[in-house]
Amino acid sequence: MDANSAHDTARILIEALPYIQRFAGTTVVIKYGGNAMENEELKNSFARDVVMMKQVGIHPVIVHGGGPQIGELLERLGKESKFVQGMRVTDRETMDVVQMVLGGLVNKDIVNLIQHNGGQAIGLTGKDGRLIKARKMVLKASDADSPALQASEIIDIGHVGEVQGIDTRIIDLLAGSDFIPVIAPIGVDDNGASYNINADLVAGKVAEVLRAEKLILLTNVPGLKDKQGQILTGLTTERVNSLIKDGTIYGGMLPKIGCALEAVQNGVHTAHIIDGRVSHAVLLEILTDKGIGTLISKD
């Protein structure tokens, strides 16, 4: 290492130190998905980030998605993927595939990545220890669904659920040890039926119940932008609501923002929308002065 490289390394460590001191002992819930789960270099940089967080005393809790992987396996099985209002119609056969992909393939791949990069992780679904109590999601028809449907009609999209409750005992047990919890967003109801739940919603609810310091949502965009295309680096919940009302925030970003807003309004200190396509995005957001995405706080 030459003198310039050594100087740069020292500068980076010094910049990170106050953040490490500030966040040591706190919990950070990370929704892991998008390109960060598909590119090998990004997968390994994410794993190294969470291992380092654990090493310096920050407790990461990971909730992951897996929509593209589910769609890929369904296609290989000759089963068409259907969506209503952005949600996958999940019949019993599709639910079996969801559980295989999320609870098996994707979850264990993340666990293996973390362990390969020097950490310890345990993979869970919401069915383990009844971690995620679910109820069936009820959708009302919209004009976009079908002209034949009345606006008040209920659409059955099968085993798609929403979070009714989170039992944190198993997360607390793992997070308080050397292990990093890796959670697949599959819930279970009182009758033992399984439900596919949006990973952003699960991450938000887990963050709320754990009273997490941060909720981090990895996305395929660099953050929230204003109407001129400039990144909005710091926003209050009041400002976010005004940006929704004036149409600056719209479309596919609305559910993520809704999840972040609800988390911050219910006890999470800050929520972050960051670009998962950037190597080491998580560490850059929480341990540097500038960060790399949009931070949302209550005031």
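From the backbone N, Cα and C atoms, a Cβ is placed for every residue, glycine too.
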Candidate sharing the substrate site with GLY66, GLY67, ASN196 (per Swiss-Prot), from ARG48, ARG88, ARG92, ARG169: ARG88
Site with most surrounding Cβ atoms, counting all protein chains shown within 10 Å, from the binding-site residues GLY66, GLY67: GLY66
For the recorded positions LYS31, ARG88, LYS256, the one whose C-beta sees the most other C-beta atoms within 10 angstroms: LYS31
CB within-chain contacts under 8 A for ASN196 (substrate binding site), separation at least 6: ARG88, THR90, MET95, VAL98, LEU102, HIS159, VAL160, GLY161, PRO185, ILE186
Env. residues of substrate site, Cβ within 8 Å of mean position of GLY66, GLY67, ARG88, ASN196 Cβ: GLY65, ILE70, GLY71, THR90, VAL98, VAL101, LEU102
